[in-house]
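Okay, so here's the structure we're looking at.
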Amino acid sequence: MSALIIFGLLIALMLTGMPISISLGLTVLTFLFTMTQVPIDTVALKLFTGIEKFEIMAIPFFILAGNFLTHGGVAKRMINFATAMVGHWHGGLGLAGVIACALFAAVSGSSPATVVAIGSVILPAMVNQGFPKQFGAGVITTSGALGILIPPSIVMVMYAVATSGMVVTGPDGQPVSSASVGELFMAGVVPGLMLAGFLAFTTWNRARKFGYPRLEKASLRQRWTAFREAAWGLMLIVVVIGGIYAGIFTPTEAAAMSAVYAFFISVFVYKDLTLRDVPRVLLSSANMSAMLLYIITNAVLFSFLMAHEGIPQALGEWMVNAGLSWWMFLIIVNILLLAAGNFMEPSSIVLIMAPILFPVAVRLGIDPVHFGIMIVVNMEVGMCHPPVGLNLYVASGITKMGITELTVAVWPWLLTMLAFLVLVTYVPAISLALPNLLGM
């Protein structure tokens, strides 16, 4: 009964057009102060302890790094490098767009930032080359979603924050720890590269089928020049992932390092940003960070309410007693997350749903790391379909296309992503191969 009241109130508030963060906060406070006896000082304490986790500090740093890279000319040089490598294949610039998105995803941690950085440069070039605008928009909208799967990923940090500290037990009754940010980052490498390959194949196949243009093959000298110019940006991938794996720094420290590195190469190496531009980038990053931290704060309260009412535990008991197998549970989770993607953005979905679904998943024997990657892939799909697919709106602003037209344009790649979602869901080895290899 408590669950029905809580979710009914939350949905009712969201249907009024109220921001999700405020809807969460009002739902929690209304329920706590009218239907429970929880002391107000406990609620206040939970607000503060919920956002003092060390991992949360990674979010503003990755946002800052992504903003420096977006405005600092790194994307342009990555596109030139990708074009020099694959521009002569079928769909040349389209393939270069997929690869450039994958490379930029590995330094930004954000899908919208990837779409803006790569799309604003390569989409006009594709139209000038003779590609249909719909083709270019489909490539960049979906490939930009790699920004939250290829590490570093802000959504992975959200999942780790949402599930950290939870006391959950596996099917044998033994306690199971939640996934760390480092484990999730390493787990995202193989799925991220695989999805990039799937999207690249879809792009190549459609370009070959419809006879879209390709560029002349670049010489070795041109490729070397393009690589040398992009090397400073590419080194950030080594700094973040290599530093975490080598144990030089934690994911949060890696985020801070990436922000400093991105500032340095944008201002002093590539010089596409001046010191006068830095306050504007800092303010933009602060605005986005504040918005996410406000959502996190209210989501922490919501998770506290769920735990206080015993909803995740009751859901787990019901599913186990009903004889629900792990693969049936994952079907339900995928449908639930894809449906949630129709009216909520990824950060809110992860912060609300992960604390509820995570204990049930662990109870059914599903690995926390694998479950996290599956949720992230679901969020990728949600960012590319209406009505609130964030990548669609970002791409719409770049291409000046309507959302309906863009929705039709992305379907071939969206179907590829759905097929990949099924693969990731039922082949855990894809997510767990690298963490297991590294002994994590």
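Placed from the backbone N, Cα and C atoms, the Cβ positions cover glycine too.
What Swiss-Prot says about this protein:
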| type | residues | note |
| --- | --- | --- |
| TRANSMEM | 4-24 | transmembrane segment |
| TRANSMEM | 54-74 | transmembrane segment |
| TRANSMEM | 89-109 | transmembrane segment |
| TRANSMEM | 112-132 | transmembrane segment |
| TRANSMEM | 148-168 | transmembrane segment |
| TRANSMEM | 181-201 | transmembrane segment |
| TRANSMEM | 230-250 | transmembrane segment |
| TRANSMEM | 291-311 | transmembrane segment |
| TRANSMEM | 318-338 | transmembrane segment |
| TRANSMEM | 349-369 | transmembrane segment |
| TRANSMEM | 370-390 | transmembrane segment |
| TRANSMEM | 410-430 | transmembrane segment |
Stretch in 112-132, 349-369, 370-390 most in contact with the transmembrane segment (181-201), if contact is a CB pair under 8 A: 370-390
Same-chain residue ranges lying at least 6 outside the transmembrane segment (291-311) that approach it to Cβ under 8 Å: 2-3, 6, 20-22, 24-25, 27-29, 31-32, 36, 38, 43, 46-47, 50-51, 56, 59-60, 63, 154, 158, 161-162, 347-348, 351-352, 355-356
The transmembrane segment (318-338) and the transmembrane segment (89-109) contact flag, 3+ Cβ pairs under 8 angstroms: no
Interface check, the transmembrane segment (112-132) with the transmembrane segment (148-168), three or more C-beta pairs under 8 A: no
Stretch with greatest number of CB pairs under 8 Å, the transmembrane segment (230-250) reference, 4-24, 54-74, 148-168, 370-390 candidates: 54-74
